[in-house]
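Engineer: Structure in structure tokens, see below.
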Amino acid sequence: MKDTIIIEIDHEDLLMEELKKAAQILKEGGTVAFPTETVYGLGANALSEKAIKKIFQAKGRPSDNPLIVHIAKMEDIKPLVREIPLEAAAVMEAFWPGPLTVVLEKTGIIPEGITGGLSTVAIRMPAHPIAAKLIALAGVPVAAPSANISGRPSPTTGAHVVEDLKGKVDAIVIGGSCEVGVESTVLDMTGKTPMILRPGGVTREMLLKVLHSVEIDAALKGEDVVPKSPGMKYTHYAPKAQVYIVKGEEEKVPVKIRELVEQYRRQKKEVGIICFDETYNHYDQGMVKSMGSRTDFKSVAANLFKILREFDETKVEIILAEAVEEVELGQAIMNRLTKAAGYRIIHV
Ligand code: TXA
Ligand code: MG
């Protein structure tokens, strides 16, 4: 067990002395969890093989799942990648700092342990003021996966991080809830056409305002191919309960869910329902939680992981979740929900 230092920061009023302490830990090769605008990350010096090993240990993360390298300003990317194609420069200009990760060919200074043997590296410049300041103060690029135990829903509050990582990391910087609530979009810029490997905070529709074309990796469409992003092959976001997504016409979904609730209750199973504000009143049995309005993807994304974790605190064994439409941020939401459900989808 480590003696984890907990540092609480109000992000309206950055406490520089406190952040300097955390930055010093990163400089010395330690691990620090910190908030970003997407989810909390668990950081370590990206240029130190020894430091990044501690991330894999703390999370229980498979070592072939590569890490994203976080930078504080645009020019910090130069030593890390072999070249920056024009289209990559265009998306970085448009969406950095922000929830976009760009995959490019790496240089020799990136340790093997970051990329799990790949010739490429994933880079992101976060927008959250605490993340930006901490990385700048550390003076090194910071490798940071989501700050959860491998397989659990990503943390969107300081309390989630404390729950998973207290005693396993050197420090946790707590700074409120994450605004976006789902992880960054991972965009591979090493091929002919930019390819989304993981949908996230920057949507395909937003990318198409800057790029001529953007493809979506076949592995994301459920096609049976070898995933390009090693992270995609692992179980993710899995709550203790078994999750089923119910997808179909708006009026039919609540009817089907009520029918299933009845069925599970006859089997004496505790059931949870994840729905929207619009459908909340359709359910009078089971533990019902709304992710927000069906038309407000931002609120749905911001609430999803928190709700999955809340169910872990209950006796619920089966969760029935309403699907969202797979456009804009809805793509990232459905991607996470589908993984949480282990690809169990009931069509109505
Ligand atoms: O929003 C985020 O991206 C958060 C915050 C903390 O910045 N970080 C995050 O990291 O989600 P992680 O490790 O949970 O997810 C990284 C994803 C994985 O799916 C991994 O496989 C992929 O990025 N990835 C990393 N390097 C890659 C590479 N060189 N090529 C393809 N995929 C890569
Ligand atoms: Mg993760």
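For all residues, glycine too, the Cβ spot is worked out from N, Cα and C.
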Engineer: Among Thr4, Thr31, Thr38, which residue shares the L-threonine site with His70, Arg124, Ser184 according to TrEMBL?
Structural biologist: Thr38
Engineer: Which one of these binding-site residues has the most other Cβ atoms within 10 Å of its own Cβ: Thr38, Asn65, Ser146, Ser154, Ser184?
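Structural biologist: Counting every other Cβ within 10 Å of each candidate, the maximum falls on Thr38.
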Engineer: Inside 8 A of the center formed by the CB atoms of Thr38, His70, Arg124, Ser184, which other residues of the chain have their CB, for the recorded L-threonine site?
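Structural biologist: My list of surrounding residues reads Thr36, Gly41, Ile68, Pro99, Leu100, Thr101, Met125, Pro126, Ala144, Glu183.
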Engineer: Near His70 (L-threonine binding site), meaning Cα within 10 Å, which of Ala144, Ser146, Tyr237 (binding-site residues)?
Structural biologist: Ala144
Engineer: Return the count of C-beta atoms lying within 10 angstroms of the C-beta of His70 (L-threonine binding site), excluding that atom itself.
Structural biologist: 28
